[in-house]
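> Taken from TrEMBL, the feature transmembrane segment applies to 12-33, 40-63, 69-91, 112-132, 152-173, 193-215, 235-257, 264-283, 289-308, 329-349, 355-375.
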Amino acid sequence: MAGGFNKESITVAIIFCRIGVVGIISTGLFYIFKGYLQLYNNFIIPTLVGIPLNIITIASIYLSKSGNLYYLAFGSLLATFCEFLVLIPFIKKNGFKFKLIIDFKDSYLINMFKISLPLILSVSTNQISVLIDKSLASQFIGGISALSYAQLIVSLINDVITTSIISVVYPLLTKHLQNNDIEQSKKYISDAIGLMILILVPCMIGIFICGEDIIKTIYMRGAFDENSVKMSTTVLKAYSLGIIFVGLRQVFIRFFYAIQETKVPVINSSIAILINIILNFIFINYIGIMGVALSTSISTIISTYLMFKDTKKRMANIIHKSNFFQYSKMLLSAIVMGIFTFIFNNYLNIYSIEISLVLTVLGSIGIYILMLYLLKVRQFIQTISSIKNKFLKRKRM
């Protein structure tokens, strides 16, 4: 799976895998505890857990500068253990008690296996796709690094924004679907789609326009030269095209999870992976490493469209016409912001890259907020009103 690796790199990779596999149990426990807390509407603590994880990861990176790369592997392992250990006091507060009962005839356990097996298959196929991407990228010098650096930026956005929105919407959606409250369920899905468009589309446009400055600001130091910047920038821009579709796809997937239908997401994931692999082999011959990232984005766009069609089959009129009008206003606001982002990015280059990027981001956010306000985008106005009301309540207290 790593055709471009030398013997030393393969040896290090094998050792890293052996160390990392120990953390699988703690990762599994973390997600169980996280789900338990979300069931009790506690979304803040599972999110904040990422802080100690990142501190340990950063510390291990710093220690590895001495030349001992194994600090990275053991640091990552320690971080995963700390991640689930931090949640233990909070799940106990919510009445969680562990008692070992082994009953393979338990109806809940049987149902869990029935639901989880297709999910495991879906996740496995996704990981195979990632391995194939990296295997093809290893043909290019610095290819795997370019993919990893770009994926890290895109994953950060998806982890912070997409995961946060899904974490709030999914339990509420499940609850209303179980109570057969179709109209309220439609509202939650429409709101989730609206939030994804509201936040992720400007992120997508911003990353595409400012990709080079972002890469230079975060990574350009040491052995990371201009060639590395060019390669990572093209990959980042190709990945950025799929950001909004990753978010939307997760909304539709969670709908199927909520109705305990896991076969559709598995089939959809399999189609996406097949498309991704085919496009990989086509594009890589014409546009090189960028083709790997572009294949991923195109396959995500196609699979999102298919998921949307499948969702509409299960729930008719899932998105009201008035919502489409609101989504259009969001997209128009993002396009206007994009024009100004392009202008800022080209005319603020008299400053250092870091200052230019900060000014461009702040200016773009200002333009976007102004457009949302002028066009009276409903979700934006509601969010501002909600923040105002919370602030006034605290002030009165």
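Including glycine, each Cβ sits where the backbone N, Cα and C put it.
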> So, does the transmembrane segment (152-173) come close enough to the transmembrane segment (235-257) to give 3+ Cβ pairs below 8 Å, pairs being at least 6 apart in sequence?
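These two stretches do touch.
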> Would you say the transmembrane segment (193-215) and the transmembrane segment (12-33) are touching, if the rule is that at least three C-beta pairs must lie under 8 angstroms and be 6 or more residues apart?
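Contact absent: fewer than 3 Cβ pairs fall under 8 Å.
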> Test the contact criterion for the transmembrane segment (355-375) and the transmembrane segment (193-215): 3 or more CB pairs under 8 Å, pairs 6 or more apart in sequence, then answer yes or no.
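Touching, yes - the transmembrane segment (355-375) and the transmembrane segment (193-215) meet the threshold of 3 or more Cβ pairs under 8 Å.
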> Tally Cβ pairs under 8 Å between the transmembrane segment (152-173) and each listed stretch (69-91, 193-215, 264-283, 289-308, 329-349), then give the stretch with the top tally.
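Per the Cβ under 8 Å count, 193-215.
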> Apart from its near flanks, which chain residues at least 6 from the ends of the transmembrane segment (329-349) lie with a Cβ under 8 angstroms of it?
194, 197-198, 201-202, 205-206, 209-210, 213, 355-356, 359-360, 363-364, 367-368, 371-372, 375-377, 379
> Cβ under 8 Å, sequence separation of at least 6 from the ends of the transmembrane segment (289-308): give me the contacting residues as numbers and ranges.
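Residues 129, 133, 136-137, 140, 143, 146-147, 150, 231, 234-236, 238-242, 245-246, 248-249, 252-253, 264-265, 268-269, 271-273, 275-277, 279-280, 282-283.
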